[in-house]
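Undergrad: Here you go, one structure.
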Amino acid sequence: MASPGAGRAPPELPERNCGYREVEYWDQRYQGAADSAPYDWFGDFSSFRALLEPELRPEDRILVLGCGNSALSYELFLGGFPNVTSVDYSSVVVAAMQARHAHVPQLRWETMDVRKLDFPSASFDVVLEKGTLDALLAGERDPWTVSSEGVHTVDQVLSEVSRVLVPGGRFISMTSAAPHFRTRHYAQAYYGWSLRHATYGSGFHFHLYLMHKGGKLSVAQLALGAQILSPPRPPTSPCFLQDSDHEDFLSAIQL
């Protein structure tokens with residue numbers, strides 16, 4: 001896959017990559033989203049379905065973080081997983097998705113900040129995110145040394161994911177970030193989960209991380225997690241990313 005999106009050409013981009021973290025950008029981007037084609041980061045459902053479906057049961061309560069105008073929630077419904085709640089902090093896109101899928105009342109759409117979820121603890125069996133963490137980290141300049149702000153932001157999200165998952169629940173994260181960059185974020189013992197990694201896609205490979213609530217991290221994973229505030233020296237001089245004029249940069253940002 002040549003680009004991170006599927007379904008249509010990328011819309012207008014923010015002036016700087018850090019704009020991907022701002023709700024104002026997304027509100028503007030999603031004007032008219034109810035009538036536009038879906039846009040999926042890092043592949044559509046068919047590209048990772050074989051990895052995802054073994055982790056899902058028809059009765060699962062599924063939460064999709066940062067849904068945007070992706071087709072994922074609707075495709076889960078069509079695939080036999082009807083209990084899907086999707087959240088995004090852009091009220092514009094939430095309203096658009098409610099309008100687009102008004103014929104499917106089982107699907108729920110809510111405006112919410114993924115760093116502070118308004119759900120009771122242990123209320124979901126599965127939490128999915130695809131590209132949401134990547135967007136929150138898009139302003140980082142050096143993939144080897146994530147800022148303390150970036151580390152804290154990701155920790156806020158992951159802590160909330162762990163909180164809303166039931167014992168035995170699954171968190172599935174799809175991203176462009178390779179294990180040597182992303183594992184250290186997920187591999188914190190206090191989240192209370194195990195961690196596995198797989199790749200998907202043809203040509204350019206994306207990464208799928210599977211966490212089981214109640215499992216344990218390996219010694220090697222815990223060692224990586226311990227590096228989050230004191231990362232190892234990179235093998236070459238740090239690459240300071242320049243703002244890109246297209247959204248392929250998210251496939252290379254590797255945070």
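Using N, Cα and C of the backbone, Cβ positions are placed for all residues, glycine too.
What you see is a predicted model, and the numbers here were worked out from it, not measured in a lab.
Okay, so Swiss-Prot annotates it like this:
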| type | residues | note |
| --- | --- | --- |
| BINDING | W26, Y30, W41, G66, D88, Y89, D113, V114, K130 | S-adenosyl-L-methionine binding site |
| MOD_RES | Y39 | phosphotyrosine |
| MOTIF | 129-134 | motif 'Required for methyltransferase activity' |
Undergrad: Tell me, roughly as an integer, the mean pLDDT over the motif 'Required for methyltransferase activity' (129-134).
TA: 94
Undergrad: For the binding-site residues D88, D113, work out the Cβ neighbour count at 10 Å and name the residue with the minimum.
TA: D113
Undergrad: Using Cβ atoms and a strict cutoff of less than 8 Å, what residues sit near the motif 'Required for methyltransferase activity' (129-134) while being 6 or more residues removed from its termini?
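TA: Residues 4, 40-42, 64-66, 70, 72, 114, 154, 157, 161, 171-177, 185, 250, 253, 255.
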Undergrad: Take the C-alpha atoms of D113 (S-adenosyl-L-methionine binding site) and Y39 (phosphotyrosine) and report the distance between them in angstrom, rounded.
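TA: Spelling it out, the Cα of D113 (S-adenosyl-L-methionine binding site) and the Cα of Y39 (phosphotyrosine) are 20 Å apart.
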Undergrad: Report the DSSP secondary-structure composition of the motif 'Required for methyltransferase activity' (129-134) as helix, strand and coil residue counts.
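TA: Taking the motif 'Required for methyltransferase activity' (129-134) as a whole: 3 helix, 2 strand, 1 coil.
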Undergrad: Of all the recorded positions here, Y39, W41, which one's CB has the most other CB atoms within 10 A?
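TA: The residue with the most neighbouring Cβ atoms within 10 Å is W41.
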Undergrad: For K130 (S-adenosyl-L-methionine binding site), just count the other CB atoms lying within 10 A of its CB, please.
TA: 26
Undergrad: Based on DSSP, name the secondary structure state of D113 (S-adenosyl-L-methionine binding site): helix, strand or coil.
TA: coil
Undergrad: Which of the three DSSP states, helix, strand or coil, fits D88 (S-adenosyl-L-methionine binding site)?
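TA: In three-state terms, D88 (S-adenosyl-L-methionine binding site) counts as strand.
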